[in-house]
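S.K.: As annotated by TrEMBL, ATP binding site applies to 11, 12, 13, 14, 15, 16, 129, 174. Annotated AMP binding site per TrEMBL: 32, 37, 58, 59, 60, 87, 88, 89, 90, 94, 135, 146, in sequence order. Per TrEMBL, region 'NMP' is recorded for 31-60.
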Ligand code: AMP
């Protein structure tokens, strides 16, 4: 079982590279952003709460996210090939909770793969995505807030995972296939 955290700023290509990993390795996939957007679409209480944070570029409180994560993880059963965590963890308490949740099941994160992309490229990609996807948070003002939340609250996880000894840095700027080859090399070595 190879549980992988795919990590990076908004627009770093986590979703795109997750799709390639699912196709190649048969992994399961948890995108917490997708889970929240589907709750919003279905008009649930959780969706209503989440929308206020998302549209403001802020993170949903940790306790809510951690409950969601455990229930989605358990829905994959015990024999999966590995789960890609995409968009989670985003804070140190979330990383600690993930470690604990997995340990309680006799599992662990095998690798944290960081996609590193320059800031001006992130902005360019997210503005472009906003035009195509219509995502309410892909507008210039909210993107700026999300990038600053990434720097303040999420990027300290790089050091946290370095200390765990499972951080892998990937240059996320360039050809999609080269990036995927770099990710595959990390996964194959696990
Ligand atoms: P994403 O699709 O991963 O870019 O997530 C979109 C938005 O959903 C984020 O800007 C947050 O408001 C919220 N979100 C997604 N994942 C998390 C998480 N792990 N913790 C807190 N908020 C999250």
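Note that Cβ sites are derived from N, Cα and C of the backbone, with glycine treated the same way.
Could you place the listed features in the three-dimensional structure?
M.R.: Its Cβ taken as reference, residue 174 (ATP binding site) is surrounded by 11 other Cβ atoms within 10 Å in the chains shown.
The number of other CB atoms found within 10 A of the CB of residue 58 (AMP binding site), across every protein chain shown, is 15.
Across the region 'NMP' (31-60), mean pLDDT in this model comes to 96.
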S.K.: Which has the fewest other Cβ atoms within 10 Å: 12, 16, 32, the binding-site residues listed?
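M.R.: It is 16 that, of the binding-site residues 12, 16, 32, has the fewest other Cβ atoms within 10 Å.
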S.K.: Got a sec? Which of these binding-site residues, 14, 90, 129, 135, has the most Cβ atoms within 10 Å?
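M.R.: The largest 10 Å Cβ neighbour count belongs to 14.
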S.K.: Taking ligand 1 as the reference, state which of the binding-site residues 14, 16, 32, 60, 88, 90 have a Cβ closer than 6 Å to one of its atoms.
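M.R.: From 14, 16, 32, 60, 88, 90, counting a Cβ under 6 Å from ligand 1 as near, the near ones are 32, 60, 88, 90.
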